[in-house]
Amino acid sequence: MADVDEGSSRGERKSSEIRVPPLRPIRQNSLPDLGSELWTTLLDEADRFHDEPTEEGSNTPTAEQIQRTRKNRLRSLATLGQAVSPNADDAVLSVTSSLPASALRAAGSLRAAGSTPTARLQNISDSDELPVLSDEKDEQWDAVGVEIIGRDIIYKPPAVDRNLLQNVTFFLGPHQMCALMGASGAGKSTLLDVVSGRKDDADVTGTLTFNGHPRNKYFKRISAYVMQDDVFIPTLTVAETLKFAASLRIAEGTPKKVRDQRLEMMLDMLGIDHIRDNIVGDQSLRGISGGQRKRLSIGVEIIGLPNIIFLDEPTSGLDSEISFEVMDAVRNIADQNRTVCATIHQPSPETFGLFDHILLMAHGMVVYFGETKDVIRFFTSPPYQYVYAEGSNPADFIVKVAGGKFVPLERDQPFSAKDLDELYKQSVYYNDLQMTINDRMTGTPPAPLVFASELATSPLLQLYCLYWRGLAKTLRDTAGLKTTFIRTVFGALLMGSLFYNQIDCEKTTTACAEALNRADSDTHDNPESIMSTLCCDATSHLPTPNSSDCQDCQEAVYNRFSVLFFAALFKMMGNMDAIPNLCNDRVLFYRERSAGAYLTLPYMATMTIVWLPLLISTCAIFSAIFYFLIGFYQTGEAFMYFLLIMFLSQSTGFQFAQLLAAICPSSQVALSVFPASFIFFNVFAGFLIHIPDVPVYWSWAPVVSFARWAIQGLIINEFEDQPQLRWFAGADVLQSYGFDGYTKWATVYYMAGIILFFQLCTQLALSYIRHGKA
């Protein structure tokens with residue numbers, strides 16, 4: 001029988017390994033107890049190399065180089081302290097050494113502390129971990145311990161015909177790390193989601209308490225959930241990403257000094273201080289490495305200093321060395337009296353040894369819960385008698401045991417999951433667990449943790465922080481901005497050149513006017529429009545005059561309708577390229593809102609506010625080029641109204657894209673639905689088929705077609721009460737298309753109402769529809 005190396009377990013670490021929690025004075029250990037004031041002086045002096053200029057082209061020092069330099073400086077200060085009088089005058093010090101007077105004073109202060117501490121610092125080793133001190137103690141760093149008790153937990157969602165969790169019992173305590181392990185489909189992620197409150201409590205039976213109380217509405221304030229996938233804004237830096245998280249997850253009203261202090265300590269503790277100014281990046285933008293992304297992901301979730309931390313596969317996709325570094329950082333967090341629970345798959349022996357307890361699962365049942373150092377002994381002893389090969393990975397061994405991959409001695413087949421569950425419940429480990437739970441449940445529980453509000457910040461502060469991040473994201477996407485403005489200018493020039501001088505009707509003759517007047521008189525008995533006469537390509541209800549000059553006018557009027565139709569369509573359809581970004585942002589929104597960072601309303605409002613300047617500027621550029629190049633009605637009022645309709649058209653298209661991004665399961669689906677929807681809206685826009693000609697059973701369609709209202713506003717603006725078109729009988733033209741009975745401003749109100757309706761639907765979709773795991 002073989003056990004896990006207890007030297008690598010949490011309970012028995014090597015004596016030379018110093019674990020100093022950030023934001024606290026140094027613990028009593030092998031380093032001398034010099035007091036916070038002297039330690040601060042020494043470390044400040046040792047850190048002065050940060051301020052020294054580096055050689056041109058030299059790289060930024062790594063965290064390891066920084067620590068090595070600190071220790072070298074401390075050794076030098078200790079050596080100097082042996083020869084320096086603690087009370088020497090500054091003037092004397094300055095002429096007796098080339099070192100700065102501040103360094104000599106620090107050495108003198110160290111000498112005054114005694115010869116033993118000085119000698120110890122002279123021999124400081126690379127394995128010694130220097131203390132991380134703060135000039136102002138963050139009282140929240142030492143968390144209130146939370147004990148989690150689960151007894152006979154059963155989870156069965158309505159859509160599944162079996163229990164995904166079957167009578168799961170466990171106890172998780174503060175200052176401990178527990179690994180949820182098992183083969184794929186064992187139920188470890190499901191259990192993590194149930195305990196963390198990410199499953200519907202109505203589908204869960206059994207007892208689940210936190211310090212003796214059920215989960216309350218403040219649970220998000222005391223817990224953090226680090227998901228398997230790392231999702232960030234790629235154009236933000238590491239420090240900016242953490243700063244945003246700190247702004248929303250640290251209680252509002254916390255002094256800025258404490259907030260900044262926690263940010264610095266988090267960067268240092270996670271080992272990402274040396275990349276603080278690097279952009280995070282993504283698949284298309286080079287940024288930080290996978291291990292650094294994972295540590296940043298942990299930092300984002302825990303910067304609010306939660307009492308409980310859940311991690312879903314935190315080492316997924318990382319090599320063994322990086323995995324150990326990530327989990328060692330988590331180990332530091334657990335040492336601050338926090339309860340840590342993580343699902344983990346195939347950890348290395350070193351990473352495995354960081355955990356205090358193992359909860360091993362198979363088919364939704366617990367087959368082992370106990371200390372990490374005992375798990376090999378448990379499965380190699382009777383009644384199991386599995387054979388463990390010395391030097392092999394203990395994590396792989398127990399996962400294969402639970403998955404039925406190994407056959408024990410004196411058996412011709414492996415134990416089933418049910419057999420393993422029954423054998424575990426007959427063991428002393430299960431009996432000890434039940435006694436522990438009974439002891440905790442019979443005592444008086446501490447008062448539940450409550451807060452002034454469910455979220456750490458107010459909606460107004462959430463709006464400000466989201467706006468800051470959204471603005472930075474938009475402005476740093478230079479490629480996207482260039483593409484948007486180039487497309488706007490190109491589209492305006494293209495359509496303007498195609499229809500240049502094609503809407504001029506100055507060639508009107510008397511014959512044409514008489515023909516039009518005859519057609520106008522026919523409309524008293526015929527409900528069809530005079531435009532049936534003018535545009536034979538679109539309608540053929542009335543005869544077309546024979547005058548070639550009038551034919552030119554007919555084509556000019558038809559071209560005017562056409563160019564207005566395509567202008568509105570161009571502005572609406574131009575929002576399709578925003579769908580992938582909106583879908584990517586949705587994933588981040590799900591994650592941050594689930595963590596209690598902000599509400600849906602500030603998020604929606606921020607998206608509108610951030611995009612508003614871009615929408616206005618692109619519409620202004622397009623209108624200034626397009627309107628005057630075509631030669632539309634040349635008045636200031638008509639141009640401003642045209643600009644307004646262009647803005648409302650693009651805003652409607654953008655809000656519709658937002659809605660699709662919220663309700664569609666993926667960006668590919670949304671990108672397919674968006675143009676298909678516009679086919680419907682454009683058919684009933686009043687141009688391809690006149691609104692009076694729409695069958696009665698489709699009469700509702702023009703009302704909901706936002707393209708109809710945009711085109712209607714543009715056509716009314718161009719044809720209503722314009723002197724050079726009076727002889728065209730503009731009212732009859734509008735009537736033929738079904739645009740009569742509306743004013744220009746009524747159209748604006750309709751479009752504004754549609755925008756608000758889309759916003760409301762998007763907010764409801766984001767609140768109640770969730771795609772994927774979040």
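The backbone N, Cα and C atoms fix where each Cβ goes, glycine too.
Here is what TrEMBL says about this protein:
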COMPBIAS  7-17  compositional bias 'Basic and acidic residues'
COMPBIAS  56-66  compositional bias 'Polar residues'
DOMAIN    148-388  domain 'ABC transporter'
REGION    1-31  region 'Disordered'
REGION    51-70  region 'Disordered'
TRANSMEM  609-633  transmembrane segment
TRANSMEM  639-657  transmembrane segment
TRANSMEM  669-691  transmembrane segment
TRANSMEM  748-769  transmembrane segment
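Sequence-remote contacts of a segment are chain residues at least 6 beyond its ends whose Cβ falls under 8 Å from one of its Cβ atoms, and for the transmembrane segment (609-633) they are 467, 470-471, 474, 481, 484-485, 488-489, 491-493, 495-497, 499-501, 503-504, 563, 567, 571, 639, 642-643, 646-647, 650-651, 654, 717-718, 722. Sequence-distant contacts of the transmembrane segment (748-769) (same chain, at least 6 residues past either end, Cβ-Cβ under 8 Å): 586, 589, 600-601, 603-604, 608, 644-645, 648-649, 651-652, 655-656, 658-659, 662-663, 706, 709-710, 713.
Across the domain 'ABC transporter' (148-388), the model assigns an average pLDDT of 92.
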